[in-house]
């Protein structure tokens with residue numbers, strides 16, 4: 001007689017898991033054409049610190065993690081350099097990263113003095129009072145510089161463009177347990193944004209989803225890769241994502257399991273617009289950080 005399989009968790013109960021899970025945005029991964037050049041720019045112009053670096057010659061790539069505080073508690077960037085590739089296409093879908101600072105004018109002056117490219121001079125946002133500026137890094141990635149008196153998380157936004165905002169909001173709420181922490185519609189400029197995250201936007205990093213009226217598709221390019229988010233259970237989290245993709249679109253691209261050589265358990269998936277997220281086991285992530293010290 002065949003053994004009875006474990007009873008399936010009812011979908012309603014399963015969909016509660018992301019809200020109970022211990023989630024945190026860990027890092028954004030993207031590709032650069034010259035690792036040392038980008039490290040120099042981020043440390044000298046933005047004031048980031050190099051947190052760790054690794055070179056994997058057998059796979060022909062190296063990467064560096066930079067941010068404003070330790071990875072155990074801060075969102076960081078993971079820069080990837082693939083041997084011999086010095087240029088990437090950012091595409092039309094990726095928007096920008098954002099850095100919060102108490103004095104936008106001062107930081108922009110310092111960036112200019114070090115040869116940085118400012119694409120929007122500091123000044124109040126249209127229709128509001130928050131002072132912002134935009135700066136372009138050596139690979140063409142845009143960084144919004146945002147006025148904020150104080151914040152525990154200076155690296156505070158990843159902006160991605162989506163073709164159906166309500167569908168995306170539902171996806172990130174259900175699949176990842178995020179909340180809409182702010183939503184702004186600007187009919188005069190024909191766009192709507194939803195800030196999504198795990199805490200108020202002045203306390204954490206948020207995903208800024210932007211919908212431009214009438215635009216349903218964007219090119220992804222090959223530069224920006226993904227965001228990584230911590231979870232206490234990659235297997236259960238993958239089950240949830242699998243359920244949500246059946247309703248809203250998207251797909252699992254890597255079934256849950258350990259990365260060979262690292263023993264860190266992950267799963268990855270695409271949202272309905274094709275943006276990639278990797279879920280990383282929280283305990284394994286901390287072990288990985290410990291072993292890299």
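Heads up, the Cβ atoms here are built off N, Cα and C, so glycines get one too.
A TrEMBL annotation is a machine prediction, not a hand-curated record.
As recorded in TrEMBL:
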- 144: active site, proton donor/acceptor (ACT_SITE)
- 78, 96, 144: Zn(2+) binding site (BINDING)
- 24-148: domain 'VOC' (DOMAIN)
- 154-282: domain 'VOC' (DOMAIN)
With helix taken as DSSP H, G or I, strand as E or B and everything else coil, how many residues of the domain 'VOC' (154-282) land in each class?
31 helix, 57 strand, 41 coil
How many of the residues that make up the domain 'VOC' (24-148) does DSSP mark as helix, as strand and as coil?
25 helix, 58 strand, 42 coil
Within 10 Å of the Cβ of the residue listed as 'active site, proton donor/acceptor', how many other Cβ atoms are there?
21
